[in-house]
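Undergrad: So that we are looking at the same thing, I have put the structure below in structure tokens.
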Amino acid sequence: MRTLSLLTAGLLLASGAAHAVDEAAAIELAKNNGCLSCHSAKEKIVGPAYSAVHEKYKDDKDAVASLVQSIQYGSKGKWGRIPMPPHPGMSPADIKTLAEWVMTIKP
Ligand code: HEC
């Protein structure tokens, strides 16, 4: 669990810790649903860094709703040529938590 708490601390620092999103729960969700094999907070892996997603949508008041759509149904053509697969098995509440969390990750 030490690794997880270090990771959590790093992301808390990165996000300013002011938002109401439960960071630890969001990180668990991201791990358990395979998000972190394609994404990280600051580095592009297969998909964009979450900080880059935040940066791109920070002035969009519908950002969370549109990220929910992308996570649930998949996304292509917004970041490059590799598409993100859909996540049909995840609950809408969990997807919303992840979308809100991504929008707290500042560069
Ligand atoms: C197989 C690799 C892969 C997995 C697994 C994956 N993603 Fe992605 N993700 C991508 C790629 C590639 C893109 C860019 C898609 C595009 O260009 O539209 C992306 C884009 C995104 C975006 C930006 C969408 C937008 O509308 O701009 C968010 C947010 C995101 N992913 C979150 C997640 C979350 C949360 C999970 C876990 C539930 C997840 N991803 C799992 C590869 C992945």
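Heads up, the Cβ atoms here are built off N, Cα and C, so glycines get one too.
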Undergrad: Can you pick which of Met84, Met103 TrEMBL lists for the same heme c site as Cys35, His39?
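TA: Looking through Met84, Met103, the residue TrEMBL assigns to the heme c site is Met84.
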Undergrad: Taking 8 Å from the centroid of the Cβ atoms of Cys35, His39, Met84 as the cut-off, which other residues in that chain fall inside it around the heme c site?
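TA: My list of surrounding residues reads Ala30, Gly34, Leu36, Ser37, Cys38, Val46, Gly47, Ile71.
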Undergrad: Near His39 (heme c binding site), how many other Cβ atoms are within 10 Å of its Cβ?
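TA: A 10 Å sphere around the Cβ of His39 (heme c binding site) contains 21 other Cβ atoms.
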Undergrad: Cβ atoms within 10 Å, counted per site: which of Cys35, Met84 has the most, among these binding-site residues?
TA: Cys35
